[in-house]
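Q: TrEMBL feature annotations, pasted as is:
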type	residues	note
DOMAIN	1-143	domain 'RNase H type-1'
BINDING	Asp10, Glu49, Asp71	Mg(2+) 1 binding site
BINDING	Asp10, Asp135	Mg(2+) 2 binding site
Amino acid sequence: MAERTVIYTDGSCLGNPGPGGWAWLVLAADEVGEAGAGGEARTTNNRMELTAVIKALEARAATEALRICTDSSYVVKGITTWLEGWKRRGWMSAGKKPVANQELWQRLDALAAGRDIDFVWVRGHAGERGNVLADQAAQEQARRHAKGG
């Protein structure tokens, strides 16, 4: 079995909607390797959580085995449980409403297709180093975008 690259992702929003930030980082042997972060002036927490994962996948080789660690149950449940049903129903939720953040889910689906990726939920604010560092970076981006960017 291939060694998995462990990537922590997080999104943050000051208000919902409001200025938001996203971040991802590779953690190996307790050291931060490659990382990315950014944000938007007006967004939502869920959009930032999704964007963090999308940006991480865009930055990594399609052949690389990955473990995406996120404190967003929305992302984990979406990609592992809800996505296939949304696609079957023409991007409608089980409640027959359009899926929120559809364009981001479609991008994530396209990036994840055919790749060896584990999506793992981690408890937020529980002291797990990778999650803490991603959270700090996402919050910093949200603050930066609150000040105009």
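Count begins at 1; order follows the chain as displayed.
Cβ coordinates come from backbone N, Cα and C, glycine included.
I'd like these features described in context: how deep, what's nearby, how far apart.
A: Classification of Glu49 (Mg(2+) 1 binding site) by DSSP places it within a helix. Counted within 10 Å of its Cβ, the other Cβ atoms near Glu49 (Mg(2+) 1 binding site) come to 28, all protein chains included.
DSSP gives Asp135 (Mg(2+) 2 binding site) a helix state. Non-local neighbourhood of Asp135 (Mg(2+) 2 binding site): Asp10, Ser12, Ala23, Asp71, Gly124, His125, each in the same chain, at least six residues away, with C-beta under 8 Å from its C-beta.
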Q: For Mg(2+) 1, what surrounds Asp10, Glu49, Asp71 with a Cβ no more than 8 Å from their Cβ centroid?
A: Thr9, Gly11, Ser12, Met48, Ala52, Thr70, Ser72, Val75, Gly124, Asn131, Ala134, Asp135, Ala138
Q: Among all the protein chains here, how many other CB atoms are within 10 A of the CB of Asp71 (Mg(2+) 1 binding site)?
A: 21
Q: Going by DSSP, give the three-state secondary structure for Asp10 (Mg(2+) 1 binding site).
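A: Once the DSSP labels are grouped into three classes, Asp10 (Mg(2+) 1 binding site) ends up as strand.
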